[in-house]
Amino acid sequence: MKSSMCYGVVVVLALFSLCVSATDPGSLQDFCVAAKNPNDAVFVNGLFCKDPALAVAEDFFLPRFNKPGVIKSPIGSVVTQANVAQIAGLNTLGISMARIDYAPKGLNPPHTHPRATEILVVLEGTLHVGFVTSNPDNKLFTKVLYKGDVFVFPEGLIHFQMNLEKTPAVAIAALSSQNPGVITIANAVFGSKAPISDDVLAKAFQVDKKVVDFLQSQFWMDN
C-alpha cells in the first residue's frame, strides 16, 4: 500500500512539474504578430535553423574581436556586437557578447536590454557604472570598476557606464540572449520616428515645450 501511495505522489509531482514549466518561449525580437494568412508568415521568433549537416566552422566564428571600435559618437563610446547577427551559430543558444570601447571621459549612455541580463568585465581603464531599479523605488546601484572588476546589470533595467579617466577604456559584456536588443533612453524618447508629441514629453518631464523641441532637434546617434 505504501509503495503504491509513493508511486502516486511521484506521478502527481511529475505532472505538476510539467505544468509549472510549460511557458511561452522567450521573445527573441521586439514583437511577433500572428500571421492569419500562412502566405504572410515570413518571420519566426528568432531565425530559421540551417540543416545541421550544412553547418560549418565559420558559423560559430567571429574574427578580430580584439580590434578597437571606431568611436564617432559625440558621447564617446562605441559598441561592437557579437550576437546572432554576426555569429549565426548563436541561434537558439541564448547568449551573446559585446565589446565596448570608451574614449577618455566617454559614456555608454543610459539604456536597457529588454531581453537580457548583462555581465561586464573591465579590460582597461576605470568605469563608473550603475543601474536603476523599477518603480516605485527607482533605487540606484552604482560602483567604480577597475581593471579586472565585474558588474551585473539585471535584465530590462536602465544602466550606464562612464570612463572616469583621461585615457581610453575597454570592457567586454556577456548577455543572456542571442539578440538582447538595446533601447537607448534619450534616443528612444527624443529621437523616435515619428516624434513623440512635445505636449506629452513636456508634461512627462515637467519642462517647457521649448526644452523638448530643442532636445528633439538634436542628432541622436545609435551607440
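Using the three backbone atoms N, Cα and C, a Cβ is placed for every residue, glycine included.
Taken from TrEMBL as is:
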type	residues	note
BINDING	Asn108, His113, Glu118	oxalate binding site
BINDING	His111, His113, Glu118, His159	Mn(2+) binding site
DISULFID	Cys32-Cys49	disulfide bond
DOMAIN	63-213	domain 'Cupin type-1'
SIGNAL	1-22	signal peptide
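Locations of recorded TrEMBL features on the structure.
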residue: Cys32; record: disulfide bond; Cβ neighbours (10 Å): 13
residue: Cys49; record: disulfide bond; Cβ neighbours (10 Å): 11
residue: Asn108; record: oxalate binding site; Cβ neighbours (10 Å): 27
residue: His111; record: Mn(2+) binding site; Cβ neighbours (10 Å): 20
residue: His113; record: oxalate binding site; Cβ neighbours (10 Å): 24
residue: Glu118; record: oxalate binding site; Cβ neighbours (10 Å): 23
residue: His159; record: Mn(2+) binding site; Cβ neighbours (10 Å): 23
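Checking Cα-Cα distances from His113 (oxalate binding site) against the recorded positions (Cys32, Cys49, His159) with a 10 Å cut-off leaves His159, in sequence order.
Of all the recorded positions in the record (Cys32, Cys49, Glu118), the one with the smallest CA separation from His111 (Mn(2+) binding site) is Glu118. Computed over the domain 'Cupin type-1' (63-213), the whole-number mean pLDDT of the model equals 97. You'll find the Cα of Cys32 (disulfide bond) roughly 29 Å from the Cα of Asn108 (oxalate binding site). Sitting within 8 Å of the Cβ centre of His111, His113, Glu118, His159, and not among those site residues for Mn(2+), are the Cβ atoms of Thr112, Ala116, Phe131, Phe153, Leu157, Ile158, Pro180, Val182.
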